[in-house]
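Since the structure comes first, as structure tokens, the remarks are kept for the end.
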Amino acid sequence: HTLQVLLIFAKEDNQSDGFWWACDRAGYRCNIARTPESALECFLDKHQEIIVIDHRNSRYFDAEAICRSLRATKPSEHTVILAVVPRTSSDQEETSVLPLLHAGFDRQFMENSSITACYNELIQIEHGEVRSQFKLRACNAVFTALDRCQEAIEITSEDHVIQYVNPAFERMMGYHKGELIGKELTELPKSDKNRADLLDTINTFIKKGKEWQGVYYARRKSGDSIQQHVKITPVIGQGGKIRHFVSLKKLRCSNENNKQVLHIFKVLFSFVFAESHSFRCKNRRKDSIDVKSITSQSSDAPSLQTRRYSSMARIHSMTIEAPITKVINIINAAQENSPITVAEALDRVLEILRTTELYSPQLGTKDEDPHTSDLVGGLMTDGLRRLSGNEYVFSKNMNLSHSHLSVPITINDVPPCITQLLDNEESWDFNIFELEAVTNKRPLIYLGLKVFARFGVAEFLNCSEATLRAWLQMIEGNYHSSNSYHNSTHAADVLHATAFFLGKERVKGSLDHLDEVAALIAATIHDVDHPGRTNSFLCNAGSELAVLYNDTAVLESHHTALAFQLTAKDSKCNIFKNIDRNHYRTLRQAIIDMVLATEMTKHFEHVNKFVNSINKPMASEESSSHSEGSDCECTASIKNFPDNQTLIKRMMIKCADVANPCRPLELCIEWAGRISEEYFAQTDEEKRQGLPVVMPVFDRNTCSIPKSQISFIDYFITDMFDAWDAFAHLPVLMQNLANNYKHWKTLDELKCKSLRLPTEN
């Protein structure tokens, strides 16, 4: 391995030349950066082992700030950073090195342009700190191996203080490592099943430097005693003395555990099979006659019913009851005395259960649909995390108005043409684009006034209609009308869908007035100040918001934070100013939770939790009760569990946010065109800026919009709306979805990439 050195000097001089030729003499690879930005970019690309920063003159750049920015990156953990400081005269007192150390430097080099002096410094660093860092890197590999190891491992000091336990140990004993590290073994509860002299026997062996192995009973955190095969090895360290003890532990499996695991294995097998069947990449369903193929062939009423019952059947097939950690512990126990074939099968089950993405389907590598793959990559990940010199910054629109149409003084002052349109706002067929046209792209304030009045929002908040009107005007003013999709028309559309869902009997019966108000406000603000780019784009572009929110739910966090900031900023539009603190906190939390639920990385988790906590129990109650009042009893039982109300609110706003495929065909087509145009614009900009292209299929020259819609419906929409329909009963939406899916399939079969059939244009 050839050592790499990065020199950060604003200008070339004798000192930078000295280090350059010293690197050449030592056979090191050398790069020079002139600016902080290029230095960071070069380091993240090359990961140099030694960095030399010019600390002699602050006129060009802040050397300590550069050092801190480098230290903030993960690769710098194993890098030695050297500060070149000005030479002090004989009458000057030498300055302390502490400020440099605090900034992240490892050592200082007194200015000396001699190639030999520079060479000696670099060689000493290589033979000292760099080689130590190489050993530390090897330690990381060792700890990675320990973390992946199936055996439980515990490392203690010579005084029996716990210094390390691996994940297998945590699973076996039921403790988190934070509860163990730093504790003496004597502080942990002991099992009373061991022989009285066993601990003395073990100590006699290991204190003599001998390895001990045998059977030992340990007490888990839960209080259960478990039998273990234990091997304890003393480790000789500094001074030839025992410095550590390493314990390897395996469970001995009882007959009772073996019987228990067979039952769990059967349950798990049906669970894994049901999950993989239900969430397998949807293009593999094309060869089977299931709900989607039935829907795509016909849009008549019997097919809709088949779809509904098929959906409920899938809901019933998803079964897992025991807490996941208990299942994993039982499987671990059973593996010890299992035949090799069963043990290998259980290994595969454990591999699946230990993933952090239990709810996210895995796309197959064969015959993978690029549209589905790109949608998943673009909507369900946070990008490639590549730092770039390009900064994507919001052009914040903080104005309070952005069109020539005058704002109504009261709801009664709305122009007649708008009033006439809004008479139909309670219908699912309401045409939001007509409202957009007559309001000069300001539908949110007018629809908001009507919907908020119908649900008594001002009364609940104890605020005047003027305050509510000013708030709606301010929120709409912070949507970007230049976005083809994520503008105030989309916000108004989501508000309309949310209000429609709140009008459904079962939804209405499950939620309180506070929940309704929270849902309507969340729908209104859920995309405020959206830049028309995805989270992945912002992360790849190194945007201010991506940095602020640590590349996690970037936009959704921004929408909520900005909405609350703007609301509190001006008393004239502060709709929360008159409610008491407790109500405000509850309302705020509900709004934040709902907006964050619109972020797609946890899509399948939200849907699965809704199915398991709402659909299944409700379906069981319905099947066991034939009384007329059973529906009321179901919703009443939901009201008793706030967690269930939270799941309903999340599912409601998620469905409202992506309800375009369930709208009447003409509206569905318009929305499809708008979102495609926004994705095309993003792809154009990614290519222009040299960023990773997150969704390559959304290239305006080659994209098939019908294929993209089919993939979106198959992958995200169908299962979610099946579950929501099973709860809220939405026959019109499901029929629209079937019709629209058929439209896109027809276009795709004709190899047509546009929004309509040629005869329809």
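Glycine is treated like the rest: Cβ placed from N, Cα and C.
Automatic, uncurated: that is what TrEMBL annotation is.
Per-residue confidence over the domain 'PAS' (145-209) averages out at a pLDDT of 88. Per TrEMBL, the feature domain 'PAS' maps to 145-209.
The annotation domain 'PDEase' is assigned in TrEMBL to 410-751.
Around ASP657 (AMP binding site), the same-chain residues at least 6 positions away in sequence with a Cβ under 8 Å from its Cβ are VAL494, HIS526, THR598. According to TrEMBL, the feature AMP binding site maps to HIS486, ASN487, SER488, THR489, HIS490, ASP527, ASP657, GLN709.
Around HIS486 (AMP binding site), the C-beta neighbours below 8 angstroms that are at least 6 residues distant in the chain are TYR479, HIS480, ASP527, HIS530, GLY532, GLU678. Here TrEMBL flags HIS486 as active site, proton donor.
According to TrEMBL, the feature Zn(2+) 1 binding site maps to HIS490, HIS526, ASP527, ASP657.
Cβ neighbour count for ASP527 (AMP binding site): 25 (other Cβ atoms within 10 Å of its Cβ, all protein chains included). Look at TrEMBL and you will find ASP527 tagged as Zn(2+) 2 binding site.
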The one of ASN487, THR489, GLN709 whose CB sees the fewest other CB atoms within 10 Å, among these binding-site residues: ASN487
Spatial neighbours, same chain, of HIS490 (AMP binding site) - Cβ under 8 Å, 6+ residues apart: ASP527
Set of same-chain residues at least 6 away whose C-beta sits under 8 angstroms from SER488 (AMP binding site): LYS441, ARG442, PRO443, LEU444, GLU476, TYR479, SER481
For the domain 'PAS' (145-209), the number of residues DSSP places in helix, strand and coil: 28 helix, 13 strand, 24 coil
